[in-house]
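Written out below as structure tokens is the structure these notes cover.
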Amino acid sequence: MQLKSYPAPTYAQRAKIAFQYMMPQLYLTQAAGWLAERKWGVITHFIINVFAKKYQVNLAEAEKTKASDYASFNEFFIRPLKENARPINQNPQALCLPADGRVSELGKIEENQLLQAKGHQFSLETLLANDLNLADKFKNGNFITTYLSPRDYHRVHMPCDATLRKMIYVPGELFSVNPFLAEHVPNLFARNERLICEFETAFGPMVQILVGATITASMSTVWAGVINPPRAKEVAVYEYLPTGETAVHLKKGQEMGAFRLGSTVINLFPKGAVELEAHLKAGEPTKMGERLGKINL
């Protein structure tokens, strides 16, 4: 993968980058999580209204359409949408986009290297917590990274029918993951806290990764509930059987997890398994349920 050269950041941009390294990421995130859970009545409703106006949140598509319907900011932030607000592409060979947001990057995994943003790449091994067997499954495959901004719907859904086989919690940094920082913080997604979910599908293995960030107070899944806090200090691996009472089977378009405040989702596909939609480019807005690509069966 050949990378182009880009202009050096300005002094103002360098200061912004330096602040990310110096600020107390964990304490800010813990404080944001505590505040987001407060139930302060009219104060909470005022904050939600200000936030919705600033970020142009479309509450009309949510099940609860008024700020006063939400007891806490977190309840507002992970608001469910009305039924059919996000139609799921029903073509059996179609993959669906997992989240609302914007494409950060996408394309081919060059041997074991993914493009983070212009001028930066990172390896499968570091992203996947040095699980070499897992990384080998996706060499020369495809990937897509979706950035969820504060205005977006923050539940994450399945691109296809799948069975959960492994979940890996990886402790890490809590850098912001906005497009500017993605361009200037090396190995951003491979150094941030993240939750790696490996699934078995009709076309082979698939990975969906929830990446934490500054003030992303918690991540959750539909099968295990809230993963953090508390934040473990070591990598934790959970294996799942494909059959039996504890098996986790999810349908295309079904919810699989959520962020309490925004972050990023990364999907990995094996070599030759899928073709990503040609119109999808970095910066392209995404809506959950729309077509991500075609399964090669």
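Just so you know, glycine gets a Cβ as well, placed from its N, Cα and C.
Residues annotated as active site, schiff-base intermediate with substrate in Swiss-Prot, with sequence analysis given as evidence: SER263. DSSP assigns SER263 (active site, schiff-base intermediate with substrate) to coil, not to a helix or a strand.
Under the heading pyruvic acid (Ser), Swiss-Prot lists SER263. A sphere of 10 angstroms centred on the C-beta of SER263 (active site, schiff-base intermediate with substrate) encloses 30 other C-beta atoms.
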